[in-house]
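Quick look at what Swiss-Prot annotates:
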{"type": "ACT_SITE", "residues": "K8", "note": "active site"}
{"type": "BINDING", "residues": "P91, V92, A93, A94, G95, L96, A97, G98, G99, S100, T101", "note": "ATP binding site"}
{"type": "ACT_SITE", "residues": "D133", "note": "active site"}
Amino acid sequence: MLSKAHAKVNLSLDVIGKRKDGYHLLKMLMQTIDLYDLIQIKKIKKGIIIDCDREYIPKDRRNLAYKAAELFLDRYNIDSGVRIDITKNIPVAAGLAGGSTDAATVLKIMRDIFRSDISNKELKEIALDIGADVPFCIEGGTALCEGIGEKITPIKNFKNQILVLVKPNFGLSTKDVYNNLKVEKIYIHPNTTKLIQSIEEDNLKSVARNMRNVLENVTLRKYKTLNSIKSNFIELGALGSMMSGSGPSVFGLFDDMLKAQICYDNMKEKYKEVFITRTI
């Protein structure tokens, strides 16, 4: 069984506190985009086999797809195993939920293969044990995600909007970025209510004005390349530009495909991983 595993971007990301166990409390607007990996799963007699077209992708428990399969098999006492083939298109360690969406897609395919009676709610319970972005990736679309990622409220779909996405030639550790964030020193928070209202009113310019990611407080100081990319996007006609997740991917939001194509061509001269895509 073959399925697409779609990436996401954050239209906003706010950190509003920290739990005693160290987890950060989040308030973020998440959006699925039409950039995807391909996941194919076949039933085998025993075990979990991962294969991927990128050699640097781990094929053991470090891979969230493996972890998803293992949790599913254990939870439902399934004696069979699975072979998972991954074709990677989503950049790795990029703030685009590449690993999380692969894991979510594995859970959905395994439901189809083994237990079609399982609800999305139940799948999301398993997903939360894998990572904060995985529950959102089960549903996709446009949603407000709160807590540690488990509280998901769908909103009006912000679909068919044009994005140009740049992933610079380095990766960032989500854990390191959050560990370097000083929550008490976040002085400007996203106006998430205004952002949602802008989406509901189809006001693209207002959406662009209200996009904000507080993790940029950490990354923009340390990585000047990210400042340059954001500035370049605005110079090349983007309505707004923001880092997605914990980075380092940065996207520009456009209202015109010709401008987006010119921007893509310009960025492609400087960076290897550049994409034109749309929200879905």
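Quick reminder: no glycine exception, Cβ is built from N, Cα and C everywhere.
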Looking only at C-alpha atoms, tell me how far P91 (ATP binding site) is from K8 (active site), rounded to the nearest Å.
12
Secondary-structure category, per DSSP, in which K8 (active site) falls:
strand
Local Cβ density at K8 (active site) - other Cβ atoms counted within 10 Å:
28
Beyond the site residues P91, V92, A93, A94, G95, L96, A97, G98, G99, S100, T101: chain residues whose C-beta lies within 8 Å of the centroid, for ATP:
A7, I90, G245
Can you give me the Cα-Cα distance between T101 (ATP binding site) and D133 (active site) in Å, rounded to a whole number?
8
Quick one, of the binding-site residues P91, G95, A97, G99, T101, which Cβ has the fewest other Cβ within 10 Å?
P91
Candidate nearest D133 (active site) in space, where candidates are the recorded positions K8, A93, A97, G99 and distance is Cα-Cα:
A97
Chain-internal residues, separated by at least six, CB under 8 A from A93 (ATP binding site):
G171, L172, S173
